[in-house]
Protein chains: 4
Amino acid sequence: MNDPASKYFKCTDRERAIFEAGIKLGAIYHQYTGIPVNESNIEYIQKAIESATMLQPFVENVKVKINLNAENDTKFNYKSLNGTMLEVDLTVNYNGSTARAKMKYLRDLNYPLMYLEE
Amino acid sequence: MNDPASKYFKCTDRERAIFEAGIKLGAIYHQYTGIPVNESNIEYIQKAIESATMLQPFVENVKVKINLNAENDTKFNYKSLNGTMLEVDLTVNYNGSTARAKMKYLRDLNYPLMYLEE
Amino acid sequence: MNDPASKYFKCTDRERAIFEAGIKLGAIYHQYTGIPVNESNIEYIQKAIESATMLQPFVENVKVKINLNAENDTKFNYKSLNGTMLEVDLTVNYNGSTARAKMKYLRDLNYPLMYLEE
Amino acid sequence: MNDPASKYFKCTDRERAIFEAGIKLGAIYHQYTGIPVNESNIEYIQKAIESATMLQPFVENVKVKINLNAENDTKFNYKSLNGTMLEVDLTVNYNGSTARAKMKYLRDLNYPLMYLEE
């Protein structure tokens, strides 16, 4: 593992993996919401988010699913991607320690929650 | 042509095409800059931007090119997409009137200019 | 008026004003949606959007209003700014020719429309 | 402390604080970069970022500083906010456990690093 920034951190490997997972989910929500999406380009957008997230430090795996049904229709034939439509499953591995984090809209909270599953 | 919003506009068809072209370029700059990009995902990002822009009203054609060389290397193996890296060629057609607009980094201005070519 | 980019444009002054107005509205939608907002910071966000838009070329005036009531409550005490909450009134002046543009959520379209009022 | 989402997490309080800190920094970078900024509105933008971040769950304190000198001048009188210009000092408190995180451009990495200071 190559980490040119390790000297700046005061934490365990597990904590670092968790921190990096938080960064990636915060980034996904605030970078991609607003993109026009419908059935015709949903796979391109999912693939773009996944491929860009994979470039960020220590991401081992990421799966993105956009739920088009989560939003009401407009008079135009697309929707603006928002947090309630996003489902993300992310694994970060820092020096062998892993964190598995998710983003998912939860009806009981009426909120797209980012949480640590493992 | 179907335009459920036509009653709200006070302008000619050509002016409408120009207005819509401006919206799309402003949107591209402010929506997609910040995305992590390198050689491995550049085509996915270009395709995502093109496919999402095509969904927006009255877009006839759009071509997006990302210039990775425009920015210095970091210690990590990707760059954050910014305006100087973006080259966009967009045609909007409103009721037969067209506007052709571009976004391109221009060295003399040190600025990614959005302009009307036709 | 100082326009270091004028040589790149093929259009009238009025068309240029309209193009610039479109850019600014597209920018506002895609730059600021996603920001956490409630009663406590709504004025800071409105002021930030207005002050940043005023810096962009040829903006004569801009007024931004965020409608918090437009969205359902979550279990947390804020909302994520989205297009249905944004009301913008913008005037662009290019060399004496003006364009007045608005963004506003319209119930009949279920869409935050950007349109040219004058 | 009120946390309607606690049941979804499998981690310690310290780990939760770290995860939330990562989310906020990832959000700041990807939400606000792209905003037009110069001396005239820098305080409005800093205040907007701080006030919006304070609304997010478990943020105890946040200070944002924008370094205008970090970027070259353009022919226009503003710059587009980017990661190299952002300096953030953030404290998250989850149930008494804290995480202190920063974002800062580091010359040796040529990268705006997000790191855990405590």
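Glycine too: its Cβ is placed from the backbone N, Cα and C atoms.
According to TrEMBL, the protein has these features:
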type	residues	note
DOMAIN	C:12-117	domain 'Dihydroneopterin aldolase MtpD C-terminal'
BINDING	C:E20, C:M114	substrate binding site
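DSSP classifies C:E20 (substrate binding site) as helix under the three-state reduction. In this model, the domain 'Dihydroneopterin aldolase MtpD C-terminal' (C:12-117) carries an average pLDDT of 95. Across the domain 'Dihydroneopterin aldolase MtpD C-terminal' (C:12-117), the DSSP tally of helix, strand and coil residues reads 40 helix, 37 strand, 29 coil.
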